[in-house]
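Asks: Annotation source TrEMBL lists Mg(2+) binding site at ALA146, ASP247, THR251.
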Amino acid sequence: MKTVLLATEAMRCRFELVLEGDSEERLVAAGEEALAEIEAVERQLSAYDPESELWAVNALAGKGPVRVRPTTLAFLEEARALTEQTAGAFDPTIGALIALWRGSEEPTDESVAQALARTGWQGVLLDHETNSITLAREGLRLDPGAIGKGWALDRARDILEEAGVTRALLHGGTSSVVALGEGWKVQIGGGPTLTLSNQSLGVSAPSGRWAVFGERRYGHVLDPRTGWPVGARAWAAVIAPTATQADALSTALLVRGEGAWPGCHTFLPEDVTLGNTGEMK
């Protein structure tokens, strides 16, 4: 049994693949193709790259349709379904809110309300006949970064399976994990060790990146329903069939608190607290 380790930098993190099989040459070829797909997904779906399709969609909000690849439409259809599944606790139409919280001035009730008014799937038209996306309102912005790594890993897994790889562990920044095959051990930070078998793991936490205004600091996970950061003090993790689902549901778990979704196994520490504004005490 051969083991191959491959990696690339994308989406502001390190993606790593551990591949096992009989032929090192075939594993390397399949792994390199999988990494190339991860990089392609970033170029296609980044909300911050002026060359990406998603950036073009955001730039033309309120101005008309933008033609995109069918895979971009499929990605957003999945994102919309996950918004419905989580009752709005995960929602990639909150780009205006994300931009507000990344600004230089501390948001106010009024500015949050104004940004919140520029969110929602009701302003997004996905047209499969013309392969186009229309954002109906100026200022509406898509930012699906919460599931970007998961989607990229799912596409990489598809490539590995098509190449005949039956055992692999893939991760993006350690927060999004895909296990191909049985019996893969994964530890969540200093927390529990889990066994993944043909499953995916998503881990979300409000720490690591902060919005800091004077002596106040806020976590980066926003509640799409209120526009304010979530005041969780720990992490949330979800095991699901796909990494896209796991990433969305772990984010939603921080927002909603402990809950369950069909086909998913969830973990949430008992000491998690949810505040109104998300300010870390």
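Using the three backbone atoms N, Cα and C, a Cβ is placed for every residue, glycine included.
Describe the structural surroundings of these features, if you would.
Replies: Of all the Cβ atoms in the protein chains shown, 33 others lie within 10 Å of the Cβ of ASP247 (Mg(2+) binding site). DSSP assigns ASP247 (Mg(2+) binding site) to a helix.
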Asks: Taking the center of the Cβ atoms of ALA146, ASP247, THR251 at the recorded Mg(2+) site, which other residues in this chain have a Cβ no more than 8 Å from that point?
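Replies: Near the Mg(2+) site, the remaining chain residues are PHE90, GLY145, ILE147, GLY150, GLY202, SER204, ALA248, LEU249, SER250, ALA252.
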Asks: Tell me which residues of the chain lie with their Cβ under 8 angstroms from that of THR251 (Mg(2+) binding site), as long as they are six or more apart in sequence?
Replies: ALA89, PHE90, ALA146, ILE147, GLY202, SER204, VAL221, ALA236
Asks: What count of other C-beta atoms do you get within 10 angstroms of the C-beta of ALA146 (Mg(2+) binding site), across all chains shown?
Replies: 26
